[in-house]
């Protein structure tokens, strides 16, 4: 019977070229700083502003918190590894990174789905919106997102941790994830791979269906509105749709498939672990007059 004797893994990282690594170090350090500062600004603005008290901004502040948490799982390690020759991570650290990545990532998928439901109610039933999506409901929806992320992550982690790893121990990635680890297991991983793909696929597909249905209902309800009303309603949804496309697209490419790895996986992973969390604050502030106004008031009070 195979037993695990691997105590650490070696990460191949993004690149083996030292010159490219130095350039990437500067870029990703800048990106990570932008993620922290941009999303913290969103959280502080929502929490301190009296005008951003609707459920949409309540969910937005939690989205920013998840963006910070999700990127922190991988970005600091990636940045550090770009400067060192040997990129290692302990077995326990690797499993912890896998769990945290899937926990925060799945919670964000559920939260984005909740935000689509929120927009659907706000546009289709504006007179009953505050009664349907009240503070208690908002709290339960956010809690459900956390619980859903935890359950998904536990399934992925338990399926992976029970596999034997007896060498080699080199992961062709810049962080620990399920598919690269399955390649290193010294046993048949077909059943585990199918289960992992089914778990991720079921969540991604069900959330995607809810998103599509929500926006289909919105589009149908807008047929009776004036052209000005339609434009205003669609404008409030544009930011959310943009974030959904940027986050869901790469995630579906990586996780809604059998346990295989492609050369493009690393770059696609960079997109949803670093680029999207960095762009989210820009997307929501540049297209939202209320957020920009609240930020200006916050800045004037500080000055």
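Cβ atoms here come from the backbone N, Cα and C positions, even for glycine.
Taken from TrEMBL as is:
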type: TRANSMEM; residues: 20-44; note: transmembrane segment
type: DOMAIN; residues: 38-284; note: domain 'G-protein coupled receptors family 1 profile'
type: TRANSMEM; residues: 56-75; note: transmembrane segment
type: TRANSMEM; residues: 95-117; note: transmembrane segment
type: TRANSMEM; residues: 137-155; note: transmembrane segment
type: TRANSMEM; residues: 202-222; note: transmembrane segment
type: TRANSMEM; residues: 234-255; note: transmembrane segment
type: TRANSMEM; residues: 267-286; note: transmembrane segment
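Summarising model confidence by region, the domain 'G-protein coupled receptors family 1 profile' (38-284) averages a pLDDT of 88. For the transmembrane segment (20-44), the most Cβ-contacting stretch among 137-155, 202-222, 234-255, 267-286 is 267-286 (pairs under 8 Å).
Sequence-remote contacts of a segment are chain residues at least 6 beyond its ends whose Cβ falls under 8 Å from one of its Cβ atoms, and for the transmembrane segment (137-155) they are 55, 58-59, 62, 99-100, 102-111, 114, 117, 195, 199-200, 203.
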